[in-house]
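See below for the structure under consideration.
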Amino acid sequence: SVGFKAGVKDYKLTYYTPEYETKPTDILAAFRVTPQPGVPPEEAGAAVAAESSTGTWTTVWTDGLTSLDRYKGRCYHIEPVAGEESQFIAYVAYPLDLFEEGSVTNMFTSIVGNVFGFKALRALRLEDLRIPPAYTKTFQGPPHGIQVERDKLNKYGRPLLGCTIKPKLGLSAKNYGRAVYECLRGGLDFTKDDENVNSQPFMRWRDRFLFCAEAIFKSQAETGEIKGHYLNATAGTCEEMMKRAIFARELGVPIVMHDYLTGGFTANTSLAQYCRDNGLLLHIHRAMHAVIDRQKNHGMHFRVLAKALRMSGGDHIHAGTVVGKLEGEREITLGFVDLLRDDFVEKDRSRGIYFTQDWVSLPGVLPVASGGIHVWHMPALTEIFGDDSVLQFGGGTLGHPWGNAPGAVANRVALEACVQARNEGRDLAREGNEIIRAASKWSPELAAACEVWKEIKFEFPAMDTL
């Protein structure tokens, strides 16, 4: 007789282990599971653990050649989701040895690679990951981090200001460079390539890099401040991406940019390592994130993508605004903003944080607030994001009736007024409008901006609720 029984078996016999004590080296995952009708939650949770680690749908004789106990993922806890019918949070522990060191790509291929198409589940969402120090220590992380960036730029005690150059597509390189120069001269710290500006027929990347570098050095000479423009190095191949980053370094500019989800984690990690070795800051745009994170019951929450970026490497990442035109619930947004910036973040379910996360010494990432924001939002943004952030006003700079430079002046004046008011102990949430009005009395540029945007609001209920 054969030594094992073939045939389909219940996952929960092997992979549901409620008595398991998690190890400090385990990677822990919280999945929101919606089983098909008739599938018990324990079986669904165990199936997730199995299919994202060692399991397959039947017993195979090669199981006898390894130690499943050592390598299997385990579903160790299941709880119903309050207010949702037939949704559960399944907690899964993965042994560290299942993952290649220093590879976000491999971590995601394992944890979310296959299991999301699993038939026994109606839907599946990865809500959070606990990355143990034993694993984070195999990553370089952000090229420089918050403190080193401030030292490089010599800018302290306030959020940094940026602006995405619009119209995003169609400008020639020279006109584009001119728009960059006007914004930087007016008082912004950074300007930005739009995420879809790569190297198109109307503006090839090399021309753009040259004209933007000229704009940076001219505005630096005039203002006495260090300036930057996020030169988008994203390209169709990794080799071409590196070529663009190398050219940026040769021009002597301070920062480049990458679309980390469309470009991919492998490309992003290579670029981040190049940036650290060559003193370039790295701005990360999250184009495509909403495809993955917008649905409440399926996909991956952005806090997981944010943690992955901190491991793969980036000095800035877009993180929603809480107040502008794009998605972002306040407490949840602040939860992943802290996961990006802080060394140690306590578990706090009210902010969507399922696990205590200890980053040890991995550098932090500056969150970027961008999308439909303008001068009237400045007090709220200063209050919500604090000093360690980048506030980006695209239309909110370039839409100024007098042009880009006055638009930049208006934003800088508004920001300095808010920071000063906060440092004097005033309550930005309550007195914000008053602070902006007072500042606009002595800044005609700000007064004009206040007039243009006084009525504009983007008010829709947020999808991203707990």
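Here the Cβ of each residue, glycine as well, is placed from N, Cα and C on the backbone.
Summary of the site annotation: Swiss-Prot records substrate binding at N114, T164, K168, H318, S370. Screening the candidates R286, R294, R341 against this entry identifies R286 as the one listed for that site. It is 12 Å from the Cα atom of H318 (substrate binding site) to that of K192 (N6-carboxylysine). Pairwise Cα distances among N114, T164, K168, R286, H318, S370, which the record gives as the binders of substrate, peak at 37 Å.
Between the CA atoms of H285 (active site, proton acceptor) and S370 (substrate binding site) there is a gap of 10 Å, rounded to the nearest whole number. Here K168 (substrate binding site) comes close to D194, N196, V197: these same-chain residues lie at least six apart in sequence, with C-beta atoms under 8 angstroms from its C-beta. Each of the recorded positions K166, H318 was scored by the number of other CB atoms within 10 Å of its CB, and the largest score is that of H318. Under the three-state DSSP scheme, K192 (N6-carboxylysine) falls in the strand class. The two recorded residues K166 (active site, proton acceptor) and K192 (N6-carboxylysine) have their Cα atoms spaced 9 Å from each other.
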